[in-house]
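As written in Swiss-Prot, here are the features:
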- THR232: FMN phosphoryl threonine (MOD_RES)
- 56-76: transmembrane segment (TRANSMEM)
- 119-139: transmembrane segment (TRANSMEM)
- 159-179: transmembrane segment (TRANSMEM)
- 266-286: transmembrane segment (TRANSMEM)
- 293-313: transmembrane segment (TRANSMEM)
- 318-338: transmembrane segment (TRANSMEM)
- 347-367: transmembrane segment (TRANSMEM)
- 377-397: transmembrane segment (TRANSMEM)
Amino acid sequence: MGLKHFLEKIEPHFLPGGKHEKWYALYEAAATIFYTSGAVTRKAAHVRDALDSKRMMILVWLALFPAMFYGMYNVGAQAFGALTPDLLQQNIANDWHYAFANALGINMSSEAGVSDKMLFGAIYFLPIYATVFVVGGFWEVLFATVRKHEINEGFFVTSILFALIVPPTLPLWQAALGISFGVVVAKEVFGGTGKNFMNPALAGRAFLFFAYPANLSGDAVWTAVDGYSGATALAQWAAHGADGLKNAVTGQTITWMDAFIGKLPGSIGEVSTLALLIGGAFIVFARIASWRIIAGVMIGMIAMSSLFNFIGSDTNAMFAMPWYWHLVVGGFAIGMLFMATDPVSASFTNVGKWWYGALIGVMCVLIRVVNPAYPEGMMLAILFANLFAPIFDYFVAQANIKRRKARSNG
């Protein structure tokens, strides 16, 4: 018996009147992973496309894999570089991640190979991702079952994005709390997928940032070594300018290429601009992400950073950060490529996408430079722009209406 025949055989049990009808959302989610839905339109308008929403979300999910794999490697690389023999023994005794890595025989030294660093990073990342996926998936299934809706695959993207934009040291219960806020409050309360006006992953991270700032900011959360502190590149620049960009372990200067590749501490998936550009190029080529939004973000960021460079400041080193450094530090790249381009919370109109993207770029630099307490600005910039996306679309639509009326009256 083939899989398709088996699914067709059990489908009546999940339809209205069947003994398992309340679990239809789960059946539909599993069945459409392997086969497209048999539903067809019965009246206009008919839209034909080779890519349905499920496949589109899975492609975005896969596009994040380069950043995910490099992020896991970097977690190990940063930790092993910071470890001393005393810190290693202390962490093995007090941290289950280290105890598990030690039981697996992982070489936790500065001489460790790529596989050891990758496996160590996976011990930190995978529990966070699994927690986010299970807890967020529970809320998705619950709301889909109550509303008798299908389970939307957008959660594949939300879950991995959330796991990639948090520090590797985030407690699992906070990961569960953050994704719960993002899914329930930022999405399901407004009607579910397609009706949320904010990016759920960013909303969840913002909730954690303001509720538990000690676990998402400061110098002690970015390197997975208890008892070690190491500032991010943004924090170093804000404190000491370009000359302050130093590797906390070796004392060597962090170059632009180091930052571009991702040889620095930070949230798991945001560190490597190179890996993010690989995935971003794929979703732009597949016409999933809007190139207009990405271009708008870059234009806004370059314009605002150039303005601050021109103004200058003797007391604020962030005024001197050039645009090409803004691009490779913090969460700018992952925000621009994978969050600003969220088709639900972004502007719909082509002109609106330019303004929406430009606002994100401007606000990101403005927050980074002017707010001394918060050197990272991409998260708040995107959430702020999400609120303005419908306004941009409204004015674009009104301008088109006025233009058509003027033509018809002329």
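Cβ coordinates are placed from backbone N, Cα and C, and glycine is handled just like the others.
Of all the Cβ atoms in the protein chains shown, 24 others lie within 10 Å of the Cβ of the residue listed as 'FMN phosphoryl threonine'. Of the candidate ranges 56-76, 293-313, 377-397, 56-76 contributes the most Cβ pairs within a distance under 8 Å of the transmembrane segment (266-286). Below 8 angstroms of C-beta separation, residues 60, 63-64, 67, 157, 161, 164-165, 202, 232-234, 237-238, 241-242, 256, 259-260, 264, 266-267, 269-270, 273, 276-277, 279-280, 283, 289, 294, 297-298, 301-302, 305-306, 308-309, 311-312, 360-361, 364-365, 368-369, 375-379, 381-382 of the same chain, each at least six residues beyond the ends of the transmembrane segment (318-338), sit close to that stretch. Across 56-76, 119-139, 347-367, 377-397, the stretch most heavily in contact with the transmembrane segment (159-179), judged by Cβ pairs under 8 Å, is 119-139. Among the listed stretches 119-139, 347-367, 377-397, the one sharing the most Cβ pairs under 8 Å with the transmembrane segment (56-76) is 119-139. Under 8 Å from some Cβ of the transmembrane segment (347-367) lie the Cβ atoms of residues 290, 292-305, 308, 326, 332, 335-336, 340, 374, 376-378, 380-382, 384-385, 388-390, 392-393, 395-397, all in the same chain and six or more residues away from its ends. Annotation note: the residue listed as 'FMN phosphoryl threonine' sits in a coil segment as assigned by DSSP.
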